[in-house]
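Now, the feature entries from TrEMBL:
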| type | residues | note |
| --- | --- | --- |
| DOMAIN | 3-83 | domain 'GST N-terminal' |
| DOMAIN | 85-139 | domain 'GST C-terminal' |
Amino acid sequence: MSGKPRLTYCNGRGRMEPVRWLLAAAGVEFEEVFLETREQYEKLIKDGVLMFQQVPLVEIDGMKMVQTRAILSYIAGKYNLYGKDLKERALIDMYVEGITDLMQMILVFPFSPPEAKEKNLDSIKDRAVNRYFPVFEKV
């Protein structure tokens, strides 16, 4: 493996997208491996590479990291993008958790029962517009 971080995920954005953004913000080139078959994924599990049997997987500095938040924290710290002190890191963490909360609402929406979809969508829109977006717009 070269010195570039290696990102393994399905061919989509999902939970790997913030990792891509952060590496781009740090000016770091990376390689990507797209899991195209179930067998590729199962091999990673069989080989013990995926701690929790799920991707994303980032290989960096000799480590095989999983769990998006852990990956982001490591990359941000490595490239001095994780605040200058403990208070700044706490503020960053609050924004990250807010984004995570909003994303979770959106990600579960497709699994809503058909009769609840409209109500759930209205709730997501309301929270996004009135709770989350105003905070993010102040950054």
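Note: Cβ is positioned from N, Cα and C throughout, glycine not excepted.
All annotation found in TrEMBL is predicted automatically rather than curated by experts.
Keep in mind that this is a model prediction, so the values were computed, not measured.
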Subject >> Taken over the domain 'GST C-terminal' (85-139), the model's mean pLDDT >> reply: 93
Original post:
Where DSSP helix means H, G or I and strand means E or B, what are the helix, strand and coil counts for the domain 'GST N-terminal' (3-83)?
Top reply: 32 helix, 18 strand, 31 coil
